[in-house]
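What follows is one structure encoded as structure tokens, with my remarks underneath.
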Amino acid sequence: MPLNYESDSLIMQRTSRLVLNQNDERILANDYRENLSPLTQWIHRKARHVCSLSMVKKRLPVLSWASSYQLSYLLFDTIAGVTVALTAIPQSIAYGILSNMGPEYGIYSNVMGCIGYALLGSVKDVTMAPTSLTAILVQGIVSELHYGTALLTFLSAMITIAFGVLNLGILVRFISIPVVMGFQTAACLTIGSAQLRSLLGISSKGKGSDFVSSWSNVLTHFSEVRLADSLLGVGSIAFLLLFRLTKNVEVCRARSFFKYARLLSNAIVVVIGATLAFLLTTDIDHPVFHLTGPVKAGLPPFQLPPFSYTNENGTVYNFSEMIGVMRTTIITIPLVTTLEIVSVGKAFSRGKLIDATQEMIALGVSNLLVCFCSPVPVAASFTRSAINSSSGVRTPLGCAITATVLLLSLALLTDALYYIPKATLASVVITAMLFLVDYAEIGNIWRTKKLDMIPFLATALSCLFYELDYGILIGIAVHCAFLLYLMSSPRLTVEVCLASDICVLLVRINQSLAFSSAELLRDWILERIAEHETHIDLVVIDGQNVHFLDMTVAKNIVSIERDLRTRQTSLMLWRFEEAVAFTLLRMHKELFFPLLRADNELEQAVSRWKHLHAQPAPSCLPVTSYS
């Protein structure tokens with residue numbers, strides 16, 4: 001008959017431990033409550049930190065760098081700001097058109113994005129601007145809501161700020177490298193394909209700007225290809241690729257020239273294209289090339305983002321209907337742009353730690369400013385950040401100078417911007433897409449772990465043949481399914497041995513247990529017992545590697561004990577940690593208290609266990625093990 005468990009344990013507590021690497025006083029005192037004091041201390045510590053002056057300076061980086069600004073920095077920041085602006089003008093126009101808005105809206109977004117990041121950004125090299133990715137994500141919504149898409153930028157900004165305030169940058173961890181590479185590859189192919197019609201001079205916009213529609217439109221209207229636009233577009237791509245090849249020029253005198261020419265290559269090719277268009281166009285109603293057209297001069301109009309909207313076709317949308325049009329893009333844009341800004345920030349941090357929370361707040365505030373004058377959201381631009389860094393920028397003031405130059409271009413250069421050929425802008429975007437695909441990283445995925453090609457291909461194909469925003473969610477779901485499978489399939493090994501004259505089935509688990517693996521553990525143990533030819537007296541579950549288990553697993557261990565009891569087999573839980581043991585004790589104290597043992601050796605644990613249980617007769621065969 002079983003003995004009095006608690007009285008016997010009191011006698012044995014100095015020679016036998018109940019849980020691993022902990023004292024047993026709380027167990028013997030029936031104190032199994034979860035210890036929430038670390039959480040309380042953390043909240044108190046955070047509250048004091050939030051109200052401190054150091055936190056104010058941390059959340060307003062402009063106060064730190066402005067107070068220590070040196071006059072010598074101004075020259076470097078000015079050169080960097082002007083250089084970035086010369087590249088940003090054609091790209092912003094191109095992305096404004098790519099988003100289905102007017103060209104000036106790309107510049108509006110760039111101006112406000114730079115101002116926001118200059119005030120709140122913590123990495124001096126990063127430049128905030130509309131990118132091909134943000135343009136392609138909103139273009140379908142713009143085609144239906146037009147300026148009403150500013151509400152999407154507003155909601156994305158608020159979600160990003162909330163992510164930063166709540167320190168939810170951890171969500172980015174669920175976007176793995178294969179998923180990112182699949183999304184980036186598909187986005188580059190989609191964006192490049194959408195520019196084909198402009199490159200070839202085809203007037204028809206087709207049914208949409210997605211990958212399939214873009215190619216369908218080009219093939220259907222191939223007879224409309226214009227020779228002049230095609231020659232200019234292909235020639236511009238060749239020009240840009242030629243400058244890319246000058247990266248390794250070894251002639252010392254030419255190295256500096258080619259370095260800056262390469263940095264300004266986008267601006268150079270646009271200036272050449274606009275000059276050719278101006279010289280060759282004799283009739284403005286019938287230009288030689290398809291031109292950008294009028295760019296609205298002056299400062300952007302400031303207005304609240306609309307919460308209801310009537311589009312150009314007269315269709316009225318209330319707030320809920322606008323949300324229905326935006327769908328998952330409301331979440332996709334914050335996730336993708338957060339991933340971009342953290343990645344770009346790390347790339348230019350030169351080994352320094354990046355405050356992801358601050359970068360998310362800076363991104364959110366930048367888009368909050370943008371939504372008052374443009375529907376095109378901004379993100380961290382890797383290309384322009386690289387130009388900013390290589391130009392020797394010293395502080396985020398370089399972003400403010402870029403914004404100033406862009407505003408001057410809106411005031412003084414709109415007549416010149418009219419003559420920029422669409423084929424030239426298309427060549428700028430297509431060339432950028434060619435080099436944004438990380439071919440080496442795709443090779444690493446294949447070489448390192450071929451299984452990772454599944455989420456890569458799932459993401460890429462979903463983005464190409466379905467939609468970009470749904471594609472990345474599908475990729476995340478596929479890779480998280482892999483993670484869930486690993487969590488649900490712990491490696492279980494078993495060894496049958498003789499300890500203290502008792503036939504023992506020792507079960508080892510290599511990881512923590514969650515609800516998805518609960519039934520697996522129970523079924524696996526019962527199958528191993530059924531396979532054994534002789535009677536098993538005691539099943540020992542070794543919990544040394546189990547650092548967490550939940551209520552579902554605890555309930556299944558109760559079921560395991562009951563199933564074993566019907567087979568006249570006992571259960572012992574060996575080397576479980578305090579936190580895990582307390583989870584079990586909160587579930588069923590009377591059941592689990594006598595089952596816990598944490599002696600260093602199995603022989604000792606079984607020997608102590610025999611003092612509290614009837615001793616079965618030995619009936620075990622020689623030691624065997626399998627998994």
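Any Cβ shown, glycine's included, is placed from N, Cα and C.
Counting same-chain residues at least six beyond the ends of the transmembrane segment (73-98), those with a Cβ under 8 angstroms from any Cβ of the stretch are 104-107, 109-110, 127, 129-132, 134-136, 139, 191, 194-195, 209, 260, 263-264, 266-267, 270, 292, 295, 376, 383-384, 387-388, 391-395, 397-402, 404-406, 409, 413, 417, 420, 422, 424-426, 428-429, 432. What TrEMBL records for 73-98 (among others) is transmembrane segment.
The transmembrane segment annotation in TrEMBL covers 105-123 (among others). Within the same chain, residues 59-62, 88-89, 91-97, 99, 129-130, 135, 295, 300, 344-345, 348-349, 354-355, 358-359, 361-363, 365-370, 372-378, 396-397, 399-400, 402-403, 406-407, 409-410 sit at least 6 positions outside the transmembrane segment (105-123) and bring their C-beta atoms closer than 8 Å to a C-beta of that stretch.
Taken from TrEMBL, the feature transmembrane segment applies to 147-168 (among others). Outside the transmembrane segment (147-168), and at least 6 residues removed from its termini, the chain residues within Cβ reach (under 8 Å) are 101, 138, 141, 305-307, 309, 311, 317, 322, 326, 329-331, 333-334, 337-338, 357-361, 363-368, 370-372, 374-377.
Per TrEMBL, transmembrane segment is recorded for 175-196 (among others).
As annotated by TrEMBL, transmembrane segment applies to 225-243 (among others).
Per TrEMBL, transmembrane segment is recorded for 263-281 (among others).
Among the features that TrEMBL reports, transmembrane segment is placed at 360-383 (among others).
Under 8 Å from some Cβ of the transmembrane segment (395-413) lie the Cβ atoms of residues 61-62, 65, 69, 73-74, 76-78, 80-82, 84-86, 88-89, 92, 104, 107, 110-112, 114-115, 117-119, 121, 124, 127-128, 295-300, 388, all in the same chain and six or more residues away from its ends. Among the features that TrEMBL reports, transmembrane segment is placed at 395-413 (among others).
Per TrEMBL, the feature transmembrane segment maps to 419-442 (among others). Sequence-distant neighbours of the transmembrane segment (419-442) (same chain, 6+ residues past either end, Cβ-Cβ under 8 Å): 90-91, 93-95, 97-98, 132, 177, 181, 184-185, 188-189, 191-192, 195-196, 198-201, 229-230, 232-234, 236-237, 240-241, 244, 266, 269-270, 272-274, 276-278, 281, 289-292, 382-383, 456.
Outside the transmembrane segment (454-487), and at least 6 residues removed from its termini, the chain residues within Cβ reach (under 8 Å) are 136-137, 140, 174-176, 178-179, 181-183, 185-187, 189-190, 210-212, 327-329, 332-333, 335-336, 442, 445, 511, 514, 516-517. Here TrEMBL flags 454-487 (among others) as transmembrane segment.
Helix, strand and coil content of the domain 'STAS' (504-609), in residues and according to DSSP, is 58 helix, 21 strand, 27 coil. Taken from TrEMBL, the feature domain 'STAS' applies to 504-609.
Residues 98, 132-133, 135-136, 139, 202, 209-211, 214-215, 218, 335-336, 339, 426, 429-430, 433-434, 436-438, 441-442, 445, 452-453, 455-464, 468, 471-472, 475-476, 479 of the same chain lie 6+ residues outside the transmembrane segment (175-196) yet bring a C-beta within less than 8 angstroms of a C-beta in it. Same-chain neighbours of the transmembrane segment (360-383): 59, 87, 91, 95-96, 99, 101, 105-106, 108-110, 112-113, 115-117, 119-122, 126-131, 133-135, 137-138, 142, 146-154, 156-165, 169, 300-305, 333-334, 336-338, 340-345, 347, 432, 436, counting only residues six or more beyond its ends whose CB sits under 8 Å from a CB of the stretch.
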